[in-house]
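K.L.:
There's a structure below that I have some questions on.
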Amino acid sequence: MHVWKFGGTSVGKPERMQSIRTLITEDNTRKIVVLSALSGSTNTLLAIGEALKANDDGEANAKIDSLKAHYDGFIGELYNTPEGKAAGQQIIDNEFSFIRSLTRVKPFTLKQEKELVAEGELLSTQMFHAYLVEEGVPSTLLPALEFMRIDADNEPEIQYTQEKLAEMLPQHDDKQIVVTQGFICRNPRGEVDNLKRGGSDYTASLIGGAIRADEIQIWTDIDGMHNNDPRIVKNTFPVRELTFDEAAELAYFGAKILHPSTITPARMFGVPVRLKNTMDPSAPGTLIADRTSDQVFKAIAAKDGITALYIHSTRMLNAYGFLRRIFEIFEKYKTPVDMLATSEVSVSVTVDNIDRIKEISDELSTFCSLEEPDYDQTIICIVGNFSADNEGVAVRVFNAMKNIPIRMISYGGTESNLSLLVHSRYKAEALNALNEGLFSV
Ligand code: ADP
Ligand code: ASP
Ligand code: MG
């Protein structure tokens, strides 16, 4: 069985939804089809939530009216028969009457906000499933809220998904296509929740791992993982093959094409992930699997919003236990550390979550001296085949970066990553300089 995920732009227009129907039924492979919300819908739903939080009901209702008008127009073009159009209209009327009911809940809290934002995926999947029914495709709609759950630390419970799907899927053995929602899940309180922005990729990989799929395909608006951020750098090109480790680093360190955690479940269960272009289905895309190629530099990604901390030991020359004490504090406040550089008497670390930075700094100050944190930093992650006997890797990176100030360097943590920390004002310059220095022939 395959799991195919289609992102917002891939379902964002009626003709795109129609072309997806053709794509998923071209061969006889049984598929779970995971859909995002129509492009722009999640942002609009969040904006409606902001207006409601600010008690601006007029603004919220105006936004709901125009969103509904968009959906009304969409179904007018999606369905071909009066029955199809009536089914589509029923779905939209039901969901928008629920959305309206949320505007009357006072105060409007995080719980309602999560119910509101889930509507994007609930709408797109029902509309698409009704279209498959109209077209006579044997299909079913499986509610993600019945098999996707996160724990108290917001981590997906893949074991639960595995057990639930093992119960639910055999009931639909006669259906070639099983449609479900990306992004949404329940939390330990049973409330509607989600896997954070871009989370539909993660849903696809969690399902793919849970059912040990033959393949997970992520369909989007570009021909696979490019070697650099195409929004910032010209002349990027698709990378045809990546290992799980390489792809996981790129996703975690900012390649927007994949949610940061997407690769984890696929790697855990050895399920290959293929990135494909809905606008150009015959393009080869990128295959992410358990294999390596000899190419030294493969791709670059960048993650913004990073904070760096200098932590000086007050009396630590030759002392042991210093790092343990530091990391225990980050662990206590559930704050992951991304990059690390050490010297004999001090350590520099980066974090992307500064919610608990005050408590962390206060506790560190009991045995270290700290400087004011460096905010607005960017991690530039260079991925490739950097095994220890591969000479000349660092020199090429530093040559490319020769005119750009570097705050931290991390190399040798894995054989596939070299990371640099720069102030975010140098990000675009650094990505372009590295593209020129590492990839131009
Ligand atoms: P979807 O809505 O299908 O999930 P996204 O917008 O989340 O699509 O992801 C696709 C976008 O990711 C591309 O249009 C591209 O602008 C951006 N992107 C950023 N870095 C990369 C990269 N290294 N390779 C390909 N796309 C990238
Ligand atoms: N619709 C959600 C978002 O925009 C999830 C996704 O598209 O993957 O973040
Ligand atoms: Mg996405």
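In case you wondered, yes, glycine gets a Cβ from its N, Cα and C as well.
Curation does not apply to TrEMBL; its annotations are automatic.
What TrEMBL shows for this protein is this:
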- 3-277: domain 'Aspartate/glutamate/uridylate kinase' (DOMAIN)
- K5, F6, G7, G8, T220, D221, R231: ATP binding site (BINDING)
- T42, E121: substrate binding site (BINDING)
- 380-436: domain 'Aspartokinase ACT' (DOMAIN)
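Help me see these features in their spatial surroundings.
P.N.:
Cβ contacts within 10 Å of G7 (ATP binding site), excluding its own Cβ and spanning all protein chains shown: 22. Classification of G7 (ATP binding site) by DSSP places it in coil, neither helical nor stranded.
Here the Cβ of T42 (substrate binding site) has 23 other Cβ atoms within 10 Å, regardless of which shown protein chain they belong to.
Mean pLDDT for the domain 'Aspartokinase ACT' (380-436) in this predicted model: 94.
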K.L.:
For T220 (ATP binding site), just give me the three-state DSSP call.
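P.N.:
Strand, per DSSP.
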K.L.:
Distance check, please: Cα of T42 (substrate binding site) against Cα of G8 (ATP binding site), rounded to an integer number of angstrom.
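P.N.:
One finds 9 Å between the Cα atoms of these residues.
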K.L.:
Could you check which of the binding-site residues K5, F6, T220, D221, R231 have their CB within less than 6 A of ligand 2?
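P.N.:
What lies within reach of ligand 2, judged by Cβ under 6 Å, is none of the binding-site residues.
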K.L.:
Taking only the binding-site residues K5, G7, G8, T42, E121, R231, which have a CB closer than 6 angstroms to any atom that belongs to ligand 3?
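P.N.:
Going through K5, G7, G8, T42, E121, R231 in sequence order, those close to ligand 3 turn out to be G7.
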K.L.:
Give the sequence-ordered list of residues that share a chain with D221 (ATP binding site), lie 6 or more positions from it, and have CB atoms under 8 Å from its CB.
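P.N.:
Correct list: G7, T9, S10, N277, T278, M279.
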